[in-house]
């Protein structure tokens, strides 16, 4: 019961945070509707940073905890609600059905990645006593299977080792590892696709808004809400796009984010060059022992088990 009450409290805080965030973004097109889209985007980004930063400070001050996955879910349902209540009035039935299907698939994907085992290492398979935060698995042979086993890394958030560990994703409340990396990429593409679809739909709504006004549809705040949610989705695409490109790069060269950032902690990624005569240091450079060529790397990614 205590765990349930804490979870409900964190979800409630996340719900309130989403409402406050969207309300703050609502003010940008309300007061700067005549400004160019770039100005509105810049102001929306600043407002988003200020609100999230101030909200985080208030939660720490008051001792409240929020749930990042709940924040994501609430944001999805908020955008979906605006689409159903406002935007769908001015778009084609095909676009409406397409967007609704995308949102349903997103929610299903979120539940799956939150519950799916990313590749947690169990003591029966590996000797965890030989590991520490910056070590690799204690495997002596360096054949193909042992190299795969050596890619188990320690996640401080989950306090366990994850095979093929890329990073811990707070938004999904789970690690991204060997067993859910493909699902993570599919879900990331799904988010970007759904956001672009909403941008197209809300753009059509704003362009046809004059026709809706002539038909005595309530205006004012409706148009502002459509524009503010459009700006929110554009901002999401602007950071998720480079994030997707980074992971495509990692897949093509068979490297994980954790390995790229902390490669100096993993001996198999270090290439020691001999120093010149009379000097007492060695130069350590990066090497990727897992890179088998782009085609083979992509094939290995698609066949991850």
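Any Cβ shown, glycine's included, is placed from N, Cα and C.
Note that the coordinates shown come from a computational prediction; the quantities given were computed from them, not determined experimentally.
Annotation source TrEMBL lists domain 'Palmitoyltransferase DHHC' at 149-264. Summarised by DSSP class, the composition of the domain 'Palmitoyltransferase DHHC' (149-264) is 73 helix, 14 strand, 29 coil.
Residues 39-40, 43-44, 47-48, 50-52, 55, 59, 64-68, 70-71, 74-75, 78, 223-225, 227-229, 231-232 of the same chain lie 6+ residues outside the transmembrane segment (12-32) yet bring a C-beta within less than 8 angstroms of a C-beta in it. If you look up TrEMBL, you'll see 12-32 (among others) marked as transmembrane segment.
The transmembrane segment annotation in TrEMBL covers 38-58 (among others). Outside the transmembrane segment (38-58), and at least 6 residues removed from its termini, the chain residues within Cβ reach (under 8 Å) are 17, 20-21, 24-25, 27-29, 32, 64, 227-228, 231-232, 234-235.
The transmembrane segment annotation in TrEMBL covers 70-91 (among others).
Among residues of the same chain six or more beyond the transmembrane segment (97-115), those with a C-beta under 8 A of the stretch's C-beta atoms are 69, 72-73, 76, 80, 83, 172-174, 180, 183-184, 186-187, 190-191, 193-194, 197-198, 201. Taken from TrEMBL, the feature transmembrane segment applies to 97-115 (among others).
Beyond the ends of the transmembrane segment (181-200), by six or more residues, the same chain brings 79, 83, 87, 95, 98-99, 102-103, 105-106, 109-110, 112-113, 116, 118, 164, 166, 169, 172, 229-230, 233-234, 236-237, 240-241, 243-244, 247, 251, 301-302, 304 to within a C-beta distance below 8 angstroms of the stretch. The feature transmembrane segment is assigned by TrEMBL to 181-200 (among others).
Sequence annotations record features per position, and here TrEMBL assigns transmembrane segment to 220-239 (among others). Distant neighbours of the transmembrane segment (220-239): 22, 25-26, 28-30, 33, 40-41, 44-45, 48, 78-79, 82, 86-87, 191-192, 195-196, 198-199, 202-203, 205-206, 209; these residues of the same chain sit at least 6 beyond its ends, with a Cβ under 8 Å from one of its Cβ atoms.
Within its own chain, the transmembrane segment (70-91) has Cβ neighbours under 8 Å at 10-11, 14-15, 17-19, 21-22, 99-100, 103, 106-107, 110, 171-172, 198, 201-202, 204-205, 208-209, 211-212, 217, 222, 225-226, 229, 232-233, counting only residues six or more beyond its boundaries.
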